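**Student:** The structure follows.
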Amino acid sequence: MTAQCPECEAAIDVQGLMVGEITFCPDCNAELEVINVEQPEVALAPEVEEDWGE
Amino acid sequence: MSRIRVSILGGSGYTGGELMRLLLFHPMVEISQIASGSQAGHFVHSAHPNLRKICTLRFCHPDDLTTCDILFLCLPHGVSSGEIARYRALAPRVIDLSGDFRLRSPELYRRWYGHEHLAPELLPEAVYGLPELHRGELAEAALVSGTGCMATTSILGLAPLYRAGIVNQALPLVVEAKVGSSAAGAKAGPSSHHPDRSGAVRSFEPTGHRHTAELIQELGQLDGGAELKQIVAFSATAVELVRGILVTAHVFLHEQLEEKAIWRIFREAYQREAFIRLVKERNGVYRYPEPKILAGSNYCDVGFEVDLEQRRVVVMAALDNLMKGAAGNGVQALNCMLGWDETLGLTFPGLHPA
(Lines of atoms letter the chains of each structure in order from A; the text may use other names.)
(Lines give C-alpha, C1' and ligand atoms only; values in the text may rest on other atoms or scores of the structure.)
Protein backbone atom coordinates (compact mmCIF):
# COMPACT_ATOMS: atom_id res chain seq x y z
CA MET A 1 0.00 0.00 0.00
CA THR A 2 2.76 2.47 -0.80
CA ALA A 3 2.86 5.20 -3.37
CA GLN A 4 5.97 7.01 -4.53
CA CYS A 5 6.71 10.60 -3.60
CA PRO A 6 6.79 12.61 -6.84
CA GLU A 7 9.51 14.81 -5.37
CA CYS A 8 12.08 12.34 -3.99
CA GLU A 9 10.68 8.86 -4.75
CA ALA A 10 10.33 7.88 -1.09
CA ALA A 11 7.72 5.24 -0.28
CA ILE A 12 4.50 6.86 0.95
CA ASP A 13 2.21 4.68 3.04
CA VAL A 14 -1.39 5.42 2.05
CA GLN A 15 -2.99 2.76 4.21
CA GLY A 16 -5.91 4.23 6.13
CA LEU A 17 -5.93 7.41 4.05
CA MET A 18 -8.72 8.61 1.76
CA VAL A 19 -8.60 10.11 -1.69
CA GLY A 20 -8.12 13.86 -1.37
CA GLU A 21 -6.49 13.61 2.03
CA ILE A 22 -3.27 15.51 2.62
CA THR A 23 -0.19 13.68 3.86
CA PHE A 24 3.53 14.40 4.02
CA CYS A 25 6.61 12.69 2.64
CA PRO A 26 8.66 11.28 5.53
CA ASP A 27 11.90 12.03 3.67
CA CYS A 28 11.55 15.40 1.93
CA ASN A 29 8.49 16.65 3.83
CA ALA A 30 6.65 17.49 0.61
CA GLU A 31 2.94 18.11 1.14
CA LEU A 32 1.10 15.44 -0.82
CA GLU A 33 -2.47 14.79 -1.85
CA VAL A 34 -3.70 11.22 -2.05
CA ILE A 35 -4.93 10.58 -5.60
CA ASN A 36 -5.66 6.88 -5.45
CA VAL A 37 -5.61 4.31 -2.65
CA GLU A 38 -6.49 1.21 -4.69
CA GLN A 39 -3.48 1.71 -6.93
CA PRO A 40 -1.53 3.91 -4.56
CA GLU A 41 -0.73 7.29 -6.02
CA VAL A 42 0.02 10.70 -4.53
CA ALA A 43 0.70 14.09 -6.10
CA LEU A 44 2.20 17.32 -4.84
CA ALA A 45 -0.59 19.11 -3.02
CA PRO A 46 -1.73 22.32 -4.66
CA GLU A 47 -0.19 25.45 -3.21
CA VAL A 48 -2.57 27.52 -1.14
CA GLU A 49 -3.52 30.57 -3.19
CA GLU A 50 -4.69 33.85 -1.85
CA ASP A 51 -8.42 34.28 -1.90
CA TRP A 52 -9.45 37.73 -3.07
CA GLY A 53 -13.15 36.85 -2.82
CA GLU A 54 -15.70 39.43 -1.78
CA MET B 1 28.78 -12.45 28.83
CA SER B 2 31.62 -10.66 30.60
CA ARG B 3 32.40 -7.08 29.75
CA ILE B 4 35.56 -6.21 27.90
CA ARG B 5 38.15 -4.11 29.68
CA VAL B 6 38.88 -0.81 27.98
CA SER B 7 41.56 1.69 28.95
CA ILE B 8 42.11 5.21 27.69
CA LEU B 9 45.48 6.92 27.32
CA GLY B 10 45.37 10.68 27.02
CA GLY B 11 42.11 10.90 28.89
CA SER B 12 42.14 14.51 30.03
CA GLY B 13 41.34 16.05 26.67
CA TYR B 14 37.92 16.59 25.15
CA THR B 15 38.00 13.36 23.15
CA GLY B 16 39.04 11.36 26.21
CA GLY B 17 36.23 12.92 28.23
CA GLU B 18 33.71 12.19 25.53
CA LEU B 19 34.89 8.58 25.35
CA MET B 20 34.42 8.27 29.10
CA ARG B 21 30.91 9.74 28.87
CA LEU B 22 29.99 7.11 26.27
CA LEU B 23 31.79 4.08 27.65
CA LEU B 24 30.51 4.55 31.20
CA PHE B 25 27.04 3.75 29.84
CA HIS B 26 28.10 1.09 27.35
CA PRO B 27 26.50 -2.23 28.35
CA MET B 28 29.44 -4.38 27.20
CA VAL B 29 32.37 -2.31 28.47
CA GLU B 30 34.15 -1.92 31.76
CA ILE B 31 36.58 0.99 31.96
CA SER B 32 39.78 -0.41 33.37
CA GLN B 33 42.04 2.66 33.56
CA ILE B 34 42.20 6.19 32.25
CA ALA B 35 45.67 7.67 32.00
CA SER B 36 46.91 11.23 31.75
CA GLY B 37 50.42 12.57 32.19
CA SER B 38 49.19 15.96 33.34
CA GLN B 39 46.24 14.85 35.52
CA ALA B 40 47.62 11.69 37.21
CA GLY B 41 46.12 11.29 40.68
CA HIS B 42 43.20 13.64 40.05
CA PHE B 43 39.61 12.48 39.86
CA VAL B 44 38.27 12.14 36.34
CA HIS B 45 35.55 14.66 37.14
CA SER B 46 38.17 17.30 37.83
CA ALA B 47 38.85 17.40 34.10
CA HIS B 48 35.38 16.28 32.95
CA PRO B 49 32.93 17.90 35.38
CA ASN B 50 29.89 16.36 33.64
CA LEU B 51 31.04 12.99 35.04
CA ARG B 52 30.84 13.98 38.73
CA LYS B 53 28.93 11.33 40.71
CA ILE B 54 28.97 9.09 37.63
CA CYS B 55 32.62 8.09 37.69
CA THR B 56 34.84 7.79 40.76
CA LEU B 57 37.97 6.81 38.85
CA ARG B 58 41.19 8.78 39.13
CA PHE B 59 43.60 9.35 36.28
CA CYS B 60 46.65 7.10 36.49
CA HIS B 61 50.06 7.95 35.10
CA PRO B 62 50.64 6.55 31.60
CA ASP B 63 53.54 4.46 32.95
CA ASP B 64 51.12 2.72 35.30
CA LEU B 65 48.81 1.39 32.60
CA THR B 66 48.37 -2.37 32.78
CA THR B 67 47.04 -4.76 30.17
CA CYS B 68 43.48 -4.54 28.90
CA ASP B 69 41.38 -5.83 26.00
CA ILE B 70 41.11 -2.59 24.06
CA LEU B 71 43.28 0.50 24.42
CA PHE B 72 42.07 3.86 23.13
CA LEU B 73 44.77 6.43 22.40
CA CYS B 74 43.65 10.06 22.63
CA LEU B 75 47.09 11.62 22.36
CA PRO B 76 48.21 14.69 20.42
CA HIS B 77 49.03 14.03 16.79
CA GLY B 78 52.52 12.64 16.27
CA VAL B 79 52.87 11.01 19.70
CA SER B 80 51.35 7.56 19.32
CA SER B 81 53.35 6.58 16.23
CA GLY B 82 56.59 7.03 18.19
CA GLU B 83 55.48 4.78 21.06
CA ILE B 84 53.12 2.43 19.29
CA ALA B 85 55.07 -0.77 20.08
CA ARG B 86 54.81 -0.05 23.80
CA TYR B 87 51.09 0.67 23.57
CA ARG B 88 50.36 -2.42 21.50
CA ALA B 89 52.04 -4.53 24.17
CA LEU B 90 49.29 -3.39 26.55
CA ALA B 91 46.35 -4.57 24.46
CA PRO B 92 45.75 -6.92 21.53
CA ARG B 93 43.63 -4.26 19.84
CA VAL B 94 44.34 -0.53 19.77
CA ILE B 95 42.17 2.35 18.55
CA ASP B 96 44.25 5.49 17.97
CA LEU B 97 42.05 8.55 17.60
CA SER B 98 44.94 10.82 16.58
CA GLY B 99 45.99 11.45 13.00
CA ASP B 100 48.97 9.13 13.13
CA PHE B 101 47.53 6.06 11.44
CA ARG B 102 44.84 7.47 9.17
CA LEU B 103 46.78 7.29 5.94
CA ARG B 104 47.89 4.09 4.22
CA SER B 105 50.68 5.64 2.21
CA PRO B 106 53.89 6.96 3.85
CA GLU B 107 54.28 9.29 0.86
CA LEU B 108 50.80 10.76 1.32
CA TYR B 109 51.57 11.16 5.02
CA ARG B 110 54.85 12.96 4.29
CA ARG B 111 53.15 15.27 1.80
CA TRP B 112 50.41 16.40 4.19
CA TYR B 113 52.10 16.16 7.60
CA GLY B 114 55.46 17.54 6.46
CA HIS B 115 57.67 14.85 8.01
CA GLU B 116 58.40 11.14 7.80
CA HIS B 117 56.09 8.75 9.62
CA LEU B 118 57.71 7.13 12.67
CA ALA B 119 56.25 3.67 12.05
CA PRO B 120 55.57 3.47 8.31
CA GLU B 121 55.61 -0.33 8.36
CA LEU B 122 52.32 -0.25 10.30
CA LEU B 123 50.42 2.02 7.91
CA PRO B 124 49.24 -0.75 5.58
CA GLU B 125 47.94 -2.72 8.55
CA ALA B 126 45.95 0.05 10.23
CA VAL B 127 42.28 0.32 9.32
CA TYR B 128 40.68 3.72 8.71
CA GLY B 129 38.04 3.58 11.41
CA LEU B 130 34.99 4.77 9.54
CA PRO B 131 32.45 1.94 9.88
CA GLU B 132 30.32 3.11 6.97
CA LEU B 133 33.28 2.44 4.63
CA HIS B 134 35.39 -0.18 6.43
CA ARG B 135 32.99 -2.28 8.46
CA GLY B 136 34.35 -5.59 7.20
CA GLU B 137 38.00 -4.74 7.87
CA LEU B 138 37.21 -3.47 11.36
CA ALA B 139 35.94 -6.88 12.41
CA GLU B 140 39.46 -8.30 12.17
CA ALA B 141 41.55 -5.20 12.84
CA ALA B 142 44.17 -5.03 15.57
CA LEU B 143 45.13 -1.40 14.87
CA VAL B 144 42.37 1.07 14.05
CA SER B 145 42.73 4.78 13.42
CA GLY B 146 40.26 7.46 14.31
CA THR B 147 39.11 9.72 11.52
CA GLY B 148 39.54 13.45 11.09
CA CYS B 149 36.38 15.28 12.12
CA MET B 150 36.13 17.46 9.01
CA ALA B 151 37.31 14.59 6.83
CA THR B 152 34.58 12.35 8.25
CA THR B 153 31.92 14.95 7.56
CA SER B 154 33.14 15.49 4.01
CA ILE B 155 33.66 11.82 3.19
CA LEU B 156 30.26 10.75 4.48
CA GLY B 157 28.62 13.55 2.51
CA LEU B 158 30.43 12.75 -0.73
CA ALA B 159 31.00 8.98 -0.64
CA PRO B 160 27.76 7.98 -2.38
CA LEU B 161 28.49 10.24 -5.36
CA TYR B 162 32.04 8.90 -5.77
CA ARG B 163 30.94 5.31 -5.35
CA ALA B 164 28.34 5.87 -8.04
CA GLY B 165 31.07 7.06 -10.41
CA ILE B 166 29.18 10.18 -11.47
CA VAL B 167 31.72 12.82 -10.42
CA ASN B 168 33.67 14.58 -13.17
CA GLN B 169 37.17 14.55 -11.74
CA ALA B 170 38.53 16.82 -14.44
CA LEU B 171 36.95 19.60 -12.39
CA PRO B 172 37.93 20.37 -8.79
CA LEU B 173 36.14 19.18 -5.68
CA VAL B 174 35.58 22.26 -3.52
CA VAL B 175 34.94 21.73 0.18
CA GLU B 176 34.38 24.38 2.86
CA ALA B 177 34.16 23.22 6.48
CA LYS B 178 32.84 25.38 9.29
CA VAL B 179 33.91 24.08 12.66
CA GLY B 180 33.37 24.79 16.36
CA SER B 181 36.03 25.62 18.92
CA SER B 182 36.23 22.20 20.62
CA ALA B 183 37.88 20.81 17.50
CA ALA B 184 40.97 22.78 18.47
CA GLY B 185 41.36 20.68 21.63
CA ALA B 186 41.40 21.39 25.36
CA LYS B 187 44.67 23.28 25.41
CA ALA B 188 44.17 27.04 25.43
CA GLY B 189 46.22 29.43 23.34
CA PRO B 190 46.13 33.03 22.12
CA SER B 191 43.71 32.11 19.33
CA SER B 192 41.23 30.63 21.82
CA HIS B 193 41.34 33.56 24.25
CA HIS B 194 37.68 34.44 24.78
CA PRO B 195 37.71 38.07 23.61
CA ASP B 196 39.34 36.96 20.37
CA ARG B 197 37.57 33.65 19.80
CA SER B 198 34.05 34.64 20.79
CA GLY B 199 31.99 35.73 17.82
CA ALA B 200 34.79 34.88 15.39
CA VAL B 201 34.24 33.67 11.83
CA ARG B 202 37.88 32.88 11.23
CA SER B 203 39.47 31.33 8.18
CA PHE B 204 42.17 29.30 9.85
CA GLU B 205 43.29 26.94 7.13
CA PRO B 206 42.11 28.05 3.68
CA THR B 207 44.65 25.69 2.08
CA GLY B 208 46.83 22.78 3.15
CA HIS B 209 44.60 21.25 5.82
CA ARG B 210 45.72 17.71 6.68
CA HIS B 211 42.23 16.30 6.53
CA THR B 212 42.43 16.81 2.76
CA ALA B 213 44.68 13.74 2.63
CA GLU B 214 41.90 11.59 4.07
CA LEU B 215 39.55 12.73 1.32
CA ILE B 216 42.19 11.90 -1.29
CA GLN B 217 42.64 8.43 0.18
CA GLU B 218 39.06 7.46 0.98
CA LEU B 219 37.19 9.00 -1.96
CA GLY B 220 39.89 7.62 -4.25
CA GLN B 221 39.33 4.12 -2.89
CA LEU B 222 35.63 4.45 -3.63
CA ASP B 223 36.35 5.51 -7.17
CA GLY B 224 38.61 2.71 -8.28
CA GLY B 225 41.12 2.07 -5.56
CA ALA B 226 43.89 4.59 -6.14
CA GLU B 227 44.37 8.00 -4.57
CA LEU B 228 42.09 10.66 -5.93
CA LYS B 229 43.74 12.52 -8.82
CA GLN B 230 41.16 15.27 -8.76
CA ILE B 231 42.04 18.68 -7.35
CA VAL B 232 40.64 18.83 -3.81
CA ALA B 233 40.24 22.44 -2.70
CA PHE B 234 39.53 22.19 1.02
CA SER B 235 39.21 25.14 3.36
CA ALA B 236 38.31 25.39 7.03
CA THR B 237 36.67 28.19 8.97
CA ALA B 238 36.24 28.45 12.74
CA VAL B 239 32.78 29.66 13.69
CA GLU B 240 30.79 30.47 16.82
CA LEU B 241 30.04 26.93 17.95
CA VAL B 242 31.53 24.81 20.72
CA ARG B 243 30.60 21.53 19.06
CA GLY B 244 29.71 21.00 15.45
CA ILE B 245 30.83 20.96 11.85
CA LEU B 246 28.99 21.94 8.72
CA VAL B 247 30.62 21.00 5.44
CA THR B 248 29.48 22.48 2.14
CA ALA B 249 30.99 20.64 -0.82
CA HIS B 250 30.67 21.29 -4.54
CA VAL B 251 31.15 18.53 -7.10
CA PHE B 252 30.56 18.62 -10.82
CA LEU B 253 29.02 15.67 -12.64
CA HIS B 254 29.78 14.05 -15.99
CA GLU B 255 26.20 14.60 -17.07
CA GLN B 256 23.03 16.33 -15.99
CA LEU B 257 21.25 14.32 -13.31
CA GLU B 258 17.94 15.33 -11.88
CA GLU B 259 17.23 15.58 -8.21
CA LYS B 260 15.42 12.26 -8.05
CA ALA B 261 18.47 10.45 -9.39
CA ILE B 262 20.64 11.95 -6.67
CA TRP B 263 18.03 11.06 -4.06
CA ARG B 264 18.21 7.48 -5.33
CA ILE B 265 22.00 7.38 -4.96
CA PHE B 266 21.98 8.73 -1.42
CA ARG B 267 19.05 6.60 -0.32
CA GLU B 268 20.67 3.46 -1.69
CA ALA B 269 23.90 4.29 0.12
CA TYR B 270 22.47 5.18 3.49
CA GLN B 271 19.07 3.65 4.06
CA ARG B 272 20.57 0.87 6.18
CA GLU B 273 23.06 3.06 8.05
CA ALA B 274 22.10 3.68 11.67
CA PHE B 275 23.88 6.99 12.00
CA ILE B 276 23.47 8.65 8.61
CA ARG B 277 20.29 10.61 8.00
CA LEU B 278 19.27 12.31 4.80
CA VAL B 279 18.03 15.82 5.47
CA LYS B 280 16.55 17.64 2.52
CA GLU B 281 13.11 19.00 3.15
CA ARG B 282 10.85 21.26 1.14
CA ASN B 283 9.45 22.99 4.19
CA GLY B 284 10.31 23.89 7.74
CA VAL B 285 13.28 25.37 9.56
CA TYR B 286 15.69 22.42 9.32
CA ARG B 287 15.65 21.85 5.56
CA TYR B 288 19.33 20.98 5.38
CA PRO B 289 21.81 19.50 7.87
CA GLU B 290 22.35 21.70 10.91
CA PRO B 291 25.06 20.87 13.47
CA LYS B 292 23.24 22.65 16.29
CA ILE B 293 20.79 19.78 16.82
CA LEU B 294 23.48 17.09 16.59
CA ALA B 295 25.48 18.08 19.68
CA GLY B 296 26.15 15.00 21.78
CA SER B 297 24.72 12.60 19.20
CA ASN B 298 26.52 10.23 16.85
CA TYR B 299 24.51 11.19 13.78
CA CYS B 300 25.86 12.61 10.58
CA ASP B 301 23.14 14.43 8.65
CA VAL B 302 23.59 14.69 4.89
CA GLY B 303 21.68 16.83 2.41
CA PHE B 304 22.16 18.11 -1.11
CA GLU B 305 20.89 20.45 -3.77
CA VAL B 306 21.25 20.09 -7.52
CA ASP B 307 22.22 22.82 -9.98
CA LEU B 308 21.12 21.23 -13.24
CA GLU B 309 22.54 23.89 -15.52
CA GLN B 310 26.03 23.71 -14.02
CA ARG B 311 25.87 19.92 -13.51
CA ARG B 312 26.80 20.72 -9.93
CA VAL B 313 25.72 18.99 -6.74
CA VAL B 314 26.12 20.92 -3.51
CA VAL B 315 26.42 18.50 -0.61
CA MET B 316 25.84 19.66 2.95
CA ALA B 317 26.88 17.41 5.84
CA ALA B 318 26.90 18.05 9.58
CA LEU B 319 27.98 16.26 12.74
CA ASP B 320 29.31 16.79 16.25
CA ASN B 321 33.09 16.86 15.92
CA LEU B 322 33.58 15.19 19.33
CA MET B 323 31.05 12.48 18.56
CA LYS B 324 30.75 11.16 14.99
CA GLY B 325 33.89 13.21 14.33
CA ALA B 326 35.92 11.52 17.10
CA ALA B 327 34.83 9.60 20.22
CA GLY B 328 31.38 8.50 19.06
CA ASN B 329 32.80 7.18 15.82
CA GLY B 330 35.52 5.44 17.86
CA VAL B 331 32.88 3.67 19.94
CA GLN B 332 30.99 2.73 16.78
CA ALA B 333 34.24 1.28 15.41
CA LEU B 334 34.73 -0.60 18.69
CA ASN B 335 31.23 -2.07 18.33
CA CYS B 336 32.15 -3.22 14.81
CA MET B 337 35.41 -4.73 15.98
CA LEU B 338 33.63 -6.80 18.63
CA GLY B 339 30.71 -7.77 16.39
CA TRP B 340 28.20 -5.91 18.54
CA ASP B 341 25.22 -3.84 17.51
CA GLU B 342 26.81 -0.63 16.18
CA THR B 343 24.46 1.58 18.15
CA LEU B 344 25.46 0.28 21.61
CA GLY B 345 26.26 3.22 23.85
CA LEU B 346 25.39 5.70 21.12
CA THR B 347 21.64 6.11 21.19
CA PHE B 348 21.44 9.68 22.52
CA PRO B 349 19.44 11.60 19.90
CA GLY B 350 20.70 15.12 20.60
CA LEU B 351 18.74 18.06 21.98
CA HIS B 352 16.10 20.30 20.55
CA PRO B 353 16.01 23.13 21.20
CA ALA B 354 19.70 23.34 21.98
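The chain as shown is numbered from 1 upward.
Note that Cβ sites are derived from N, Cα and C of the backbone, with glycine treated the same way.
Because the structure is a prediction, the values reported are computed rather than measured.
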**Student:** Of the ranges B:100-120, B:184-204, which one does TrEMBL list as region 'Disordered'?
**Tutor:** B:184-204
**Student:** Going by the NADP(+) site in TrEMBL, where B:Ser12, B:Gly13, B:Tyr14, B:Thr15 are listed, which of the candidates B:Asn298, B:Asn321 is also part of it?
**Tutor:** B:Asn321
**Student:** Please report the distance from the Cα of B:Asn321 (NADP(+) binding site) to the Cα of B:Cys149 (active site), rounded to the nearest angstrom.
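**Tutor:** Here the two Cα atoms are 5 Å apart.
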**Student:** In terms of Cβ proximity under 8 Å, which residues at least six beyond the ends of the region 'Disordered' (B:184-204) contact it?
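**Tutor:** Residues 12-14, 76, 235-240 contact the region 'Disordered' (B:184-204) from elsewhere in the chain.
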**Student:** From the DSSP assignment alone, can you count helix, strand and coil residues within the region 'Disordered' (B:184-204)?
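**Tutor:** Breakdown, helix to coil: 8 helix, 3 strand, 10 coil.
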**Student:** Report the DSSP secondary-structure composition of the domain 'Semialdehyde dehydrogenase NAD-binding' (B:5-141) as helix, strand and coil residue counts.
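**Tutor:** Across the domain 'Semialdehyde dehydrogenase NAD-binding' (B:5-141), DSSP assigns the residues as follows: 48 helix, 25 strand, 64 coil.
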**Student:** Over all pairs within B:Ser12, B:Gly13, B:Tyr14, B:Thr15, B:Asn321, the annotated NADP(+) binders, what is the largest Cα to Cα distance, rounded to whole Å?
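**Tutor:** For the residues that bind NADP(+), the greatest Cα distance is 17 Å.
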